[in-house]
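The annotation domain 'Electron transfer flavoprotein alpha/beta-subunit N-terminal' is assigned in TrEMBL to A:7-196. What TrEMBL records for A:Arg214, A:239-240, A:253-257, A:270-277, A:Asn291 is FAD binding site.
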Amino acid sequence: MKTHSGVLVIAEQCFGDIHRVSYELLGKGREISQKLGSPLYSLILGGEGLNVEELNYCGADKVFYMKNKCFEKPEEFLFKENIVRFIEEQKPEVVLIGATSFGRSCAPRIAASLKTGLTADCTDLYVDEEGNLIQIRPAFSNNILAHIKTITIPQIATIRYKEFNEGKRDTNRGINITVLDAYVSLNDKSEIIEIFKDSDFDITEAKVVVSVGRGIKKKEDLEMFKELVELLGGHLGASRAIVDAGFIGSAHQVGYSGSRVKPKVYIACGISGAPQHIAGMKEAELIIAINSDSSAPIFNYADIGYVGDLYEIIPKMIQALKNNK
Amino acid sequence: MKVVVLVKEVPDMGKVRFDTEKGVVDRSSADAQINPFDLNALQAAVDLKNLYNGEVTVITMGPLRAERTLRDAYARGADNCVLLSDKHFSGADTFATSRTIAAYISKLYDYDVIICGEKSIDGDTAQVGGEVADILNIPHAYYVEKINSISDKEIVVTINSLCGSKQLRKMKLPALISVTKNINRNELPTVKRKLKSLKIQVEKFGLSNLIDYISEEDTGFKGSPTKVIKVVVPKEKIKECKVYKDDFRGFFSDVLGALKDKKVL
Ligand SMILES: Cc1cc2nc3c(=O)[nH]c(=O)nc-3n(C[C@H](O)[C@H](O)[C@H](O)COP(=O)(O)OP(=O)(O)OC[C@H]3O[C@@H](n4cnc5c(N)ncnc54)[C@H](O)[C@@H]3O)c2cc1C
C-alpha cells in the first residue's frame, strides 16, 4: 500500500477570479493522475463566491474549497499554513502549483514546512517506469533543461503559466465539492497595509507586443511606438537597456529579468537580441525584427526582418497601417 | 540594525560553455562572479546600514574559492564575510542549502533583516529565500522594490507584483525579503575598500561548527530531496528569417499577411 496517493492541484485565485494557470495544471494533472492510477484533487483557498465548479469541469475529481475571508488578499504565510495542514491530512503523492509570482513565493515555504523537495518553474512533467514524477525545468538562464526527480513525498513542483493546454471543459463531469474552513486565519507577524495597481495592463496577456530597445535615442521617440501599438491593439514592451535608461517603467521589460511573453506577434525594434532578451520572447508565435545592423542576433530568432533605420520604418508602417484601414 | 545578505557565486553566463552532446555545463570555461541579482541585495543592505548605523553580514555557501566573492562583497560595503564550506555541503539542492544557511543564521542568533537577490542566474529557482524564512519561522516578502520604512521592531516594504497588484506590507522583525533589480543602483567599490578587502579575514564555518544546529544527513547531496537525473542542452533553433532591405513594400505586405493570418488585424 502506498502511504500517499492522488495528484493535488493547488488552484490559484486572484481577488476572486480563478487564475487560468489552474486549468492548465488540471490538464497536465489529469495526465499524471491517469499514469499513476490515482485521483486528481484540487484545493482552492479564497473568500465567498468563487466559481469552483469550473475546477470540476476542467478535470478535478474532487474539489476542496477552503473558504475564509483571510484568503481574499495574497499573503504567503497564511496560505502556506493552511495548504501544509491540508496536505498532511490528505497525503497526496504529487502537488502542482502555478509558477505565478504568488505561487513561486508560497511554494518554497510549503516545501520547507513539509521537509520535501521542490522543483521550480517546470516546463514539462512525466511519470517514469517506477512511478516517479520527472520534472523538467530550464536552468542556467534558460541554457539547459534539467530532468529532476524528488525522493521525498509529496513531490512538489511549480509549473510555468501557458506551458500546458487547459483541461478540457466538460460540464457533464460530476460536481464534487467539499467546503472547508481555514485551519488558521490569523498571522500576527505580517500585515497587508494596502493593495494597489500601478498599471492596468498585463504584458503577458497581450496578443501583440511591440518592443523597443536601445535603437531609440530619447524617451520622446517612444511616442511613435505608442501609435503603432494603438493601431495593432497591443502592448508596448522594452529591452532592459531602455528600462535602465529610465525611458519606460519596468512593467514593460521583456526578458529573463522582466516578463516572459508569448504573444501571437512580437515586433522587436532596435533590439540586438541578447540571450537575456531572447529568453523572454522566443516563444512568440511570430517574430518580426527591425534593426539597422544586418548581423544583429535578433534576426536568428525572427520570422520576418527588416534591415534599416527604425526612425524611417516605423512612421512608414504607421502610415501604411492607417491606409489599410 | 543587523542585516544579513545571502549571496551566491555563479559562472559568468556570457562565457560559460554548454556541451550539447554530453549535456554538461563546463563550469571551468568561465570565471565565477557574484550573482548579479545579489548585488542589488547587497546594495540594499549597505544603504540600510548607512541610514541606520547598522552592520552587514554576507553569507555564501560554496567551495573555498568563493572567498573571492566575499572579498568583492566586502569591497562593496559588507562588514562581516562568512563562508560556509565543507565537503559534506557539496551537491546540495535548494532545501539542503537553505537548511545549512538557516543553521548558521540560528547560530548567529542576533539579526534583524535577511536580504536576498531575486534569483540566481544559474539555478534560477528563487527558492532559497522562502525556504530559509520558513525554517527560521520568520515572515518573508519576495519582489520587494522599495523598503518604505524600518524600525527596530518592524519593516514596511512595497512588493512589486503579487496577483497582478502591488502590495504595501508590514512585517515584524526579524524578516526576510528578496529584492528586485529595480530597488537600487549598484555603487562601485572604492579603491580604498578594494585594497582593504584583500586583507580582511573571511570567517569559515564547516559542519563541525554547526553541529548543534544541523546534522550531517541533512546537508549536501545526502540531504537533498531533489536529484538531477539528466541534463539536456537544447540546440539553439535558428529560424529561417525572411530579411528585407530597401524594400519596404515587400516587407510590409509580408507583415500585413502575417498579421491577418494571426487574426490580429
Ligand atoms: C542577469 C541579467 C539579466 C538581464 N535581463 C534582461 C531582460 O530581462 N531583458 C532584456 O532585454 N535584457 C536583459 N539583460 C540585458 C541584456 O544582456 C542586453 O544588455 C539588453 O537586452 C540589450 O538591450 P538592447 O537590445 O535594447 O540594446 P543593444 O544591445 O545596445 O542593442 C541596440 C540595437 O539597436 C540597433 N539600432 C541602433 N540604432 C538603430 C536604428 N536607428 N534603427 C534600427 N536599429 C537600431 C542596433 O543595431 C542594436 O542591435 C540582462 C542582463 C543580465 C546580465
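Every residue, even glycine, has its Cβ placed from backbone N, Cα and C.
Overlay of TrEMBL annotations on the structure.
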{"residue": "A:Arg214", "record": "FAD binding site", "Cβ neighbours (10 Å)": "16"}
{"residue": "A:Gln253", "record": "FAD binding site", "Cβ neighbours (10 Å)": "25"}
{"residue": "A:Tyr256", "record": "FAD binding site", "Cβ neighbours (10 Å)": "20"}
{"residue": "A:Ile271", "record": "FAD binding site", "Cβ neighbours (10 Å)": "28"}
{"residue": "A:Ala274", "record": "FAD binding site", "Cβ neighbours (10 Å)": "17"}
{"residue": "A:His277", "record": "FAD binding site", "Cβ neighbours (10 Å)": "27"}
Is A:Arg214 (FAD binding site) helix, strand or coil when read with DSSP?
-> coil
Average pLDDT across the domain 'Electron transfer flavoprotein alpha/beta-subunit N-terminal' (A:7-196), rounded to a whole number = 97
